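The following features are taken from TrEMBL:
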ACT_SITE  A:Glu58  active site, proton donor
BINDING   A:His56, A:Cys86, A:Cys89  Zn(2+) binding site
DOMAIN    A:5-115  domain 'CMP/dCMP-type deaminase'
There are 2 protein chains.
Amino acid sequence: MINPFDDIYFMKRALQEAQLAFDKNEVPIGAVIVMNNQVIARAHNLTETLNDVTAHAEMQAFTAASDFLGGKYLKECTLYVTLEPCQMCAGASYWTQIGKIVYGASEKKRGFLALKTTLHPKTKVLGGILEEESASLLKRFFIEKRNLN
Amino acid sequence: MINPFDDIYFMKRALQEAQLAFDKNEVPIGAVIVMNNQVIARAHNLTETLNDVTAHAEMQAFTAASDFLGGKYLKECTLYVTLEPCQMCAGASYWTQIGKIVYGASEKKRGFLALKTTLHPKTKVLGGILEEESASLLKRFFIEKRNLN
(Lines of atoms letter the chains of each structure in order from A and count residues from 1; the text may use other names and numbers.)
(Lines give C-alpha, C1' and ligand atoms only; values in the text may rest on other atoms or scores of the structure.)
Protein backbone atom coordinates (compact mmCIF):
# COMPACT_ATOMS: atom_id res chain seq x y z
CA MET A 1 0.00 0.00 0.00
CA ILE A 2 1.29 3.43 -0.88
CA ASN A 3 1.73 5.56 2.21
CA PRO A 4 2.49 9.25 1.63
CA PHE A 5 2.91 9.73 5.38
CA ASP A 6 6.37 8.29 5.75
CA ASP A 7 9.44 9.42 7.70
CA ILE A 8 10.56 11.63 4.81
CA TYR A 9 7.22 13.43 4.74
CA PHE A 10 7.19 14.16 8.47
CA MET A 11 10.84 15.18 8.49
CA LYS A 12 10.00 17.67 5.74
CA ARG A 13 7.35 19.07 8.09
CA ALA A 14 10.03 19.38 10.78
CA LEU A 15 12.31 21.07 8.23
CA GLN A 16 9.57 23.61 7.52
CA GLU A 17 9.67 24.42 11.23
CA ALA A 18 13.46 24.71 11.11
CA GLN A 19 13.09 27.20 8.25
CA LEU A 20 10.74 29.28 10.42
CA ALA A 21 13.46 29.37 13.08
CA PHE A 22 16.02 30.38 10.42
CA ASP A 23 13.78 33.25 9.29
CA LYS A 24 13.70 34.52 12.91
CA ASN A 25 17.48 34.40 13.19
CA GLU A 26 17.25 31.38 15.50
CA VAL A 27 19.50 28.33 15.17
CA PRO A 28 17.36 26.45 12.63
CA ILE A 29 16.04 23.34 14.34
CA GLY A 30 12.46 22.18 13.95
CA ALA A 31 10.31 19.39 15.34
CA VAL A 32 6.90 17.82 14.89
CA ILE A 33 5.16 15.16 16.95
CA VAL A 34 3.02 12.68 15.06
CA MET A 35 0.31 10.28 16.19
CA ASN A 36 -1.60 8.06 13.77
CA ASN A 37 -0.14 9.95 10.81
CA GLN A 38 -1.37 13.24 12.23
CA VAL A 39 0.89 16.11 13.29
CA ILE A 40 -0.33 16.91 16.80
CA ALA A 41 2.43 19.41 17.69
CA ARG A 42 5.03 21.45 15.88
CA ALA A 43 7.68 23.81 17.13
CA HIS A 44 10.98 25.42 16.32
CA ASN A 45 13.88 26.62 18.35
CA LEU A 46 13.09 29.91 20.11
CA THR A 47 15.98 30.26 22.56
CA GLU A 48 16.86 33.77 21.38
CA THR A 49 13.33 35.06 20.96
CA LEU A 50 12.28 33.81 24.40
CA ASN A 51 15.69 34.43 25.97
CA ASP A 52 15.49 30.92 27.38
CA VAL A 53 17.93 28.07 26.78
CA THR A 54 15.19 25.55 27.53
CA ALA A 55 13.12 26.67 24.52
CA HIS A 56 14.41 23.95 22.20
CA ALA A 57 12.03 22.78 19.48
CA GLU A 58 11.59 19.36 21.12
CA MET A 59 10.74 20.75 24.57
CA GLN A 60 8.03 22.98 23.16
CA ALA A 61 6.72 20.13 21.03
CA PHE A 62 6.48 17.80 24.06
CA THR A 63 4.54 20.41 26.00
CA ALA A 64 2.23 21.13 23.04
CA ALA A 65 1.59 17.44 22.33
CA SER A 66 0.70 16.70 25.96
CA ASP A 67 -1.59 19.68 25.93
CA PHE A 68 -3.26 18.47 22.73
CA LEU A 69 -3.72 14.95 24.05
CA GLY A 70 -4.72 15.96 27.55
CA GLY A 71 -2.30 13.37 28.90
CA LYS A 72 1.30 13.53 30.03
CA TYR A 73 2.57 10.51 28.10
CA LEU A 74 3.35 10.24 24.41
CA LYS A 75 3.68 6.47 24.13
CA GLU A 76 1.90 6.26 20.76
CA CYS A 77 3.74 9.23 19.29
CA THR A 78 6.83 9.82 17.18
CA LEU A 79 9.05 12.88 17.49
CA TYR A 80 10.61 14.09 14.24
CA VAL A 81 13.41 16.54 14.83
CA THR A 82 15.92 17.93 12.34
CA LEU A 83 18.93 17.60 14.68
CA GLU A 84 19.83 14.83 17.11
CA PRO A 85 18.37 15.84 20.51
CA CYS A 86 20.59 17.11 23.33
CA GLN A 87 20.69 15.67 26.88
CA MET A 88 17.90 17.95 28.07
CA CYS A 89 15.53 17.02 25.27
CA ALA A 90 16.40 13.32 25.37
CA GLY A 91 15.97 13.47 29.15
CA ALA A 92 12.55 15.04 28.65
CA SER A 93 11.67 12.31 26.14
CA TYR A 94 12.37 9.78 28.88
CA TRP A 95 9.61 11.28 31.00
CA THR A 96 7.17 11.44 28.07
CA GLN A 97 7.79 7.73 27.32
CA ILE A 98 7.59 8.66 23.64
CA GLY A 99 7.32 5.71 21.27
CA LYS A 100 9.92 6.77 18.72
CA ILE A 101 12.43 9.49 17.97
CA VAL A 102 13.41 10.15 14.35
CA TYR A 103 16.14 12.71 13.81
CA GLY A 104 17.88 14.26 10.82
CA ALA A 105 21.47 15.39 11.26
CA SER A 106 23.79 14.01 13.94
CA GLU A 107 25.22 16.14 16.74
CA LYS A 108 28.54 14.52 17.45
CA LYS A 109 29.50 16.77 20.36
CA ARG A 110 26.39 17.60 22.35
CA GLY A 111 23.94 15.01 21.04
CA PHE A 112 22.37 12.48 23.38
CA LEU A 113 24.21 9.58 21.72
CA ALA A 114 27.67 11.01 22.36
CA LEU A 115 26.67 11.99 25.90
CA LYS A 116 24.96 8.66 26.53
CA THR A 117 21.65 10.02 27.79
CA THR A 118 19.32 7.25 28.93
CA LEU A 119 16.12 7.03 26.91
CA HIS A 120 12.94 5.33 28.07
CA PRO A 121 13.33 1.58 27.43
CA LYS A 122 10.32 1.63 25.07
CA THR A 123 11.60 4.52 22.90
CA LYS A 124 12.93 3.51 19.48
CA VAL A 125 15.42 5.69 17.64
CA LEU A 126 16.10 6.27 13.96
CA GLY A 127 18.64 8.80 12.73
CA GLY A 128 19.78 10.18 9.40
CA ILE A 129 16.41 11.01 7.81
CA LEU A 130 17.00 14.00 5.50
CA GLU A 131 20.32 14.40 7.28
CA GLU A 132 21.88 16.46 4.50
CA GLU A 133 18.99 18.93 4.26
CA SER A 134 18.93 19.41 8.03
CA ALA A 135 22.69 19.85 8.27
CA SER A 136 22.93 22.21 5.31
CA LEU A 137 20.29 24.55 6.77
CA LEU A 138 22.33 24.71 9.99
CA LYS A 139 25.55 25.23 8.06
CA ARG A 140 24.01 28.04 6.00
CA PHE A 141 22.82 29.72 9.20
CA PHE A 142 26.24 29.74 10.82
CA ILE A 143 27.98 30.89 7.63
CA GLU A 144 25.57 33.84 7.33
CA LYS A 145 26.04 34.65 11.04
CA ARG A 146 29.81 34.67 10.62
CA ASN A 147 29.65 36.93 7.60
CA LEU A 148 27.50 39.44 9.47
CA ASN A 149 29.97 39.75 12.36
CA MET B 1 31.56 37.42 59.53
CA ILE B 2 28.15 35.97 60.29
CA ASN B 3 26.25 35.19 57.09
CA PRO B 4 22.62 34.20 57.48
CA PHE B 5 22.42 33.56 53.75
CA ASP B 6 24.06 30.16 53.69
CA ASP B 7 23.23 26.92 51.87
CA ILE B 8 20.92 25.83 54.69
CA TYR B 9 18.93 29.06 54.44
CA PHE B 10 18.42 28.80 50.70
CA MET B 11 17.63 25.11 50.84
CA LYS B 12 14.92 25.95 53.36
CA ARG B 13 13.52 28.35 50.79
CA ALA B 14 13.55 25.50 48.25
CA LEU B 15 11.82 23.29 50.83
CA GLN B 16 9.10 25.89 51.21
CA GLU B 17 8.53 25.53 47.49
CA ALA B 18 8.47 21.74 47.82
CA GLN B 19 5.78 22.13 50.49
CA LEU B 20 3.69 24.19 48.04
CA ALA B 21 3.94 21.31 45.58
CA PHE B 22 2.93 18.87 48.32
CA ASP B 23 -0.14 20.97 49.10
CA LYS B 24 -1.18 20.75 45.42
CA ASN B 25 -0.81 16.99 45.39
CA GLU B 26 2.32 17.28 43.27
CA VAL B 27 5.49 15.25 43.92
CA PRO B 28 7.06 17.66 46.43
CA ILE B 29 10.19 19.06 44.83
CA GLY B 30 11.11 22.72 45.05
CA ALA B 31 13.84 24.96 43.71
CA VAL B 32 15.17 28.47 44.03
CA ILE B 33 17.85 30.27 42.04
CA VAL B 34 20.07 32.66 43.92
CA MET B 35 22.37 35.43 42.78
CA ASN B 36 24.32 37.63 45.20
CA ASN B 37 22.33 36.24 48.14
CA GLN B 38 19.07 37.17 46.45
CA VAL B 39 16.42 34.67 45.35
CA ILE B 40 15.77 35.63 41.74
CA ALA B 41 13.52 32.67 40.88
CA ARG B 42 11.51 30.06 42.73
CA ALA B 43 9.38 27.20 41.50
CA HIS B 44 7.95 23.84 42.42
CA ASN B 45 7.04 20.74 40.51
CA LEU B 46 3.84 21.24 38.49
CA THR B 47 3.82 18.19 36.22
CA GLU B 48 0.29 17.15 37.25
CA THR B 49 -1.23 20.62 37.36
CA LEU B 50 0.17 21.54 33.96
CA ASN B 51 -0.15 18.02 32.57
CA ASP B 52 3.44 18.36 31.35
CA VAL B 53 6.38 16.14 32.29
CA THR B 54 8.78 18.98 31.52
CA ALA B 55 7.35 21.15 34.32
CA HIS B 56 9.99 20.18 36.87
CA ALA B 57 10.83 22.78 39.50
CA GLU B 58 14.31 23.33 38.04
CA MET B 59 13.10 23.89 34.46
CA GLN B 60 10.62 26.53 35.56
CA ALA B 61 13.25 28.15 37.77
CA PHE B 62 15.75 28.35 34.89
CA THR B 63 13.16 30.01 32.67
CA ALA B 64 12.11 32.43 35.43
CA ALA B 65 15.71 33.34 36.33
CA SER B 66 16.63 34.06 32.69
CA ASP B 67 13.52 36.17 32.39
CA PHE B 68 14.42 38.09 35.55
CA LEU B 69 17.99 38.68 34.43
CA GLY B 70 17.15 39.41 30.81
CA GLY B 71 19.96 37.09 29.76
CA LYS B 72 20.08 33.43 28.87
CA TYR B 73 23.04 32.48 31.04
CA LEU B 74 23.11 31.94 34.79
CA LYS B 75 26.87 31.87 35.31
CA GLU B 76 26.76 33.84 38.57
CA CYS B 77 23.81 31.91 39.97
CA THR B 78 23.28 28.92 42.24
CA LEU B 79 20.39 26.50 41.89
CA TYR B 80 19.07 25.07 45.16
CA VAL B 81 16.82 22.08 44.59
CA THR B 82 15.45 19.65 47.15
CA LEU B 83 16.10 16.53 45.02
CA GLU B 84 19.07 15.66 42.83
CA PRO B 85 18.18 16.84 39.30
CA CYS B 86 17.25 14.39 36.54
CA GLN B 87 18.90 14.17 33.11
CA MET B 88 16.53 16.73 31.61
CA CYS B 89 17.15 19.32 34.31
CA ALA B 90 20.89 18.67 34.47
CA GLY B 91 20.95 18.88 30.67
CA ALA B 92 19.15 22.21 30.87
CA SER B 93 21.65 23.40 33.47
CA TYR B 94 24.40 22.70 30.93
CA TRP B 95 22.87 25.24 28.55
CA THR B 96 22.38 27.84 31.32
CA GLN B 97 26.06 27.49 32.32
CA ILE B 98 24.90 27.85 35.91
CA GLY B 99 27.67 28.45 38.44
CA LYS B 100 26.61 25.95 41.08
CA ILE B 101 23.99 23.31 41.82
CA VAL B 102 23.16 22.51 45.44
CA TYR B 103 20.73 19.66 46.00
CA GLY B 104 19.11 18.01 49.03
CA ALA B 105 18.24 14.33 48.72
CA SER B 106 19.93 11.95 46.29
CA GLU B 107 18.06 10.23 43.46
CA LYS B 108 19.94 6.98 43.04
CA LYS B 109 17.93 5.71 40.06
CA ARG B 110 17.04 8.65 37.85
CA GLY B 111 19.37 11.33 39.16
CA PHE B 112 21.95 12.90 36.89
CA LEU B 113 24.83 11.37 38.82
CA ALA B 114 23.68 7.76 38.32
CA LEU B 115 22.86 8.50 34.67
CA LYS B 116 26.12 10.38 34.14
CA THR B 117 24.63 13.51 32.60
CA THR B 118 27.32 15.94 31.48
CA LEU B 119 27.24 19.28 33.30
CA HIS B 120 28.81 22.48 32.04
CA PRO B 121 32.53 22.36 32.93
CA LYS B 122 32.14 25.50 35.08
CA THR B 123 29.22 24.16 37.15
CA LYS B 124 30.09 23.12 40.70
CA VAL B 125 27.94 20.59 42.56
CA LEU B 126 27.17 20.10 46.23
CA GLY B 127 24.72 17.48 47.48
CA GLY B 128 23.18 16.45 50.79
CA ILE B 129 22.08 19.86 52.12
CA LEU B 130 18.97 19.21 54.28
CA GLU B 131 18.91 15.78 52.70
CA GLU B 132 16.78 14.27 55.44
CA GLU B 133 14.13 16.99 55.35
CA SER B 134 13.87 16.79 51.55
CA ALA B 135 13.68 13.01 51.52
CA SER B 136 11.16 12.80 54.35
CA LEU B 137 8.77 15.20 52.59
CA LEU B 138 8.92 12.98 49.50
CA LYS B 139 8.48 9.83 51.59
CA ARG B 140 5.47 11.31 53.36
CA PHE B 141 3.93 12.22 50.01
CA PHE B 142 4.24 8.71 48.61
CA ILE B 143 2.98 7.08 51.83
CA GLU B 144 -0.10 9.32 51.79
CA LYS B 145 -0.65 8.57 48.08
CA ARG B 146 -0.46 4.85 48.74
CA ASN B 147 -2.90 5.05 51.62
CA LEU B 148 -5.39 6.92 49.47
CA ASN B 149 -5.37 4.29 46.73
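Positions of Cβ are set from backbone N, Cα and C atoms, glycine also.
Whatever TrEMBL says is automated annotation, not expert-curated.
Of all the binding-site residues listed here (A:Cys86, A:Cys89), it is A:Cys86 whose C-beta has the fewest other C-beta atoms within 10 angstroms.
Counting only same-chain residues six or more apart in sequence, the Cβ atoms lying under 8 angstroms from the Cβ of A:His56 (Zn(2+) binding site) belong to A:Ile29, A:Asn45, A:Thr47, A:Pro85, A:Cys86, A:Met88, A:Cys89. Other Cβ atoms within 10 Å of the Cβ of the residue listed as 'active site, proton donor' number 29 in total over all chains. DSSP assigns A:His56 (Zn(2+) binding site) to coil in the three-state reduction, placing it in neither a helix nor a strand.
Secondary structure at A:Cys89 (Zn(2+) binding site), as computed by DSSP, is helix.
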